[in-house]
Amino acid sequence: MASTVRPSFSLGNETLKVPLALFALNRQRLCERLRKNGAVQAGSAVVLQGGEEMQRYCTDTSIIFRQESFFHWAFGVIESGCYGVIDVDTGKSTLFVPRLPASYATWMGKIHSKEHFKEKYAVDDVQYADEIASVLTSRNPSVLLTLRGVNTDSGNVCREASFEGISKFTVNNTILHPEIVECRVFKTDMELEVLRYTNRISSEAHREVMKAVKVGMKEYEMESLFQHYCYSKGGMRHTSYTCICCSGENAAVLHYGHAGAPNDRTIKDGDICLFDMGGEYYCFASDITCSFPANGKFTDDQKAIYEAVLRSCRTVMSTMKPGVWWPDMHRLADRIHLEELTRIGLLSGSVDAMLQVHLGAVFMPHGLGHFLGLDVHDVGGYPEGVERIDEPGLRSLRTARHLEPGMVLTVEPGIYFIDHLLDQALADPAQACFFNQEVLQRFRNFGGVRIEEDVVVTDSGMELLTCVPRTVEEIEACMAGCDKALAPSGPK
């Protein structure tokens, strides 16, 4: 009797079971889009190449492998050195796996059969990668659709599939990229379940960090605790990006944590902490930022800046719904920040006039948020016809699209006191006239506050995926060990 067990990925214990049907549905969605494209010939085949193992420079020390995202989206394969082919007309899938030498069994473990991979990944056929040219020749596709296109966040070109003998086939490398990117923009219900999981585990890890942080600790101790929780409780071997664990003036460094500033400052009494960290499960990302006082109690100035950012974050989320233009949400956050900084007394004058001279970008030079999925800055932000807005702040926005159901984005407003941006503003008469320099001086070494939530656009609003303490009262209670269990808010 045939097995009724549906293939799934899980790392055991309490980790999420991800059905391989998720990837079968993705392949189906891609084929349906391609068949509607008038430029796609009958008999076309999609060819994707997975990631390769990499070594550290010239050594034989392997870097932990993580699958290439487009290949993972279509096949969910965790092994390196694979290819995938999808028949566009029928939707049938073929996975090509490496033919491993006998010595592999000595050093790396059991060599699995093709049937093993067919069952593991629920594909229609499995062949060896060194036979891809001969297998495709026997199938005689009219054209091979390969992946080539620019990532609008990095400016890098994705790797196009290549194998010995590909020159014998007719190849088109322009059709596939925009179609598969657009598929990735809109998440299925199964994909959303994984993103809910990555957010739940990462949110729990952030709460553990809040409870553990103490004056005198190193920033990297909090990074270590976050990673340990995500891996031990959630099976997350990877983080979605380099952990950003800022304290004090470092909280004004937007992408702190790099090799030259490796989360190595000692946390001091009176510091604000800004911790931007997200765990990754089965290549699905999360991206969460929490800001809180190192000693567990907000000062008046910390509370004022924090609640300004919280107001902008919550106003944006309550305004989000299908049809909303994302740059308008960035401008809304800017307006609220300037209103609040005026209320605090740091600025004075007309907020409309401040917006005219782009004063908001002095305090929030980055974009309000970005797509999230298999990459932390997920693809699809600027498809053909969507132009980047060349204005301070907005030019850093990673998408300028109108919101649609199924899109997953971060909402991450922030207010930062970045010396060189403040100095530039004070040297510009059009901006300097709004500053109360005596009050500004009080905030010069403040750092900054960012609040980052992950949300999915629904038919009527949005669903909040992140569940961490957010109000001043919730944060102080959590840091005192008196927090209560939180849950995502659900659709709005």
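One-based numbering along the chain as shown.
Note: Cβ is positioned from N, Cα and C throughout, glycine not excepted.
Close to Arg398 (dipeptide binding site) in the fold, though at least 6 residues off in sequence, lie Thr152, Asp153, Gly367, Gly369, His370, Phe371, His377, Gly381, each with a CB less than 8 Å from its CB. What Swiss-Prot records for His255, Asp287, His377, Arg398 is dipeptide binding site.
In the three-state DSSP scheme, Glu452 (Mn(2+) 1 binding site) falls into the strand class. Packing around Glu452 (Mn(2+) 1 binding site) is summarised by its Cβ count: 23 other Cβ atoms lie within 10 angstroms of its Cβ, all protein chains included. What Swiss-Prot records for Asp276, Asp287, Glu452 is Mn(2+) 1 binding site, and it gives similarity to another entry as the kind of evidence.
Look at Swiss-Prot and you will find Asp287, His370, Glu412, Glu452 tagged as Mn(2+) 2 binding site, backed by similarity to another entry. Taking the Cβ of Glu412 (Mn(2+) 2 binding site) as reference, residues of its chain lying under 8 Å away and at least six apart in sequence are, in sequence order, Asp287, Thr289, Cys313, His366, Leu368, Gly369, Arg450, Ile451, Glu452, Glu453.
Under the heading N-acetylalanine, Swiss-Prot lists Ala2, citing similarity to another entry as support.
Taken from Swiss-Prot, the feature phosphoserine covers Ser167, and the record attributes it to similarity to another entry. Ser167 (phosphoserine) falls within a helical segment according to DSSP. Neighbours of Ser167 (phosphoserine), defined as other CB atoms within 10 A of its CB across all chains, total 9.
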* **Entry from the binding-site residues list His255, His370 having the most other CB atoms no farther than 10 A** => His370
* To do: Can you grab the distance from Ser167 (phosphoserine) over to Asp276 (Mn(2+) 1 binding site)? Cα atoms, rounded to a whole Å.
  => 46
* Compute the centroid of the Cβ atoms of His255, Asp287, His377, Arg398, then list the same-chain residues not in that set whose Cβ lies within 8 Å of it, in sequence order, for the dipeptide site. => Asp153, Tyr241, His370, Val376, Thr410
* Cα of His255 (dipeptide binding site) to Cα of Asp276 (Mn(2+) 1 binding site): how many Å, rounded? -> 9
* Structure fact -> Counting across all protein chains, other CB atoms within 10 angstroms of the CB of His377 (dipeptide binding site) number 20
* To do: Using the centroid of the Cβ atoms of Asp287, His370, Glu412, Glu452 as reference, list every other same-chain residue with Cβ within 8 Å of it (recorded Mn(2+) 2 site), in sequence order.
  => Asp276, Ile288, Thr289, Gly369, Leu372, Val376, Leu409, Thr410, Val411, Glu453, Asp454
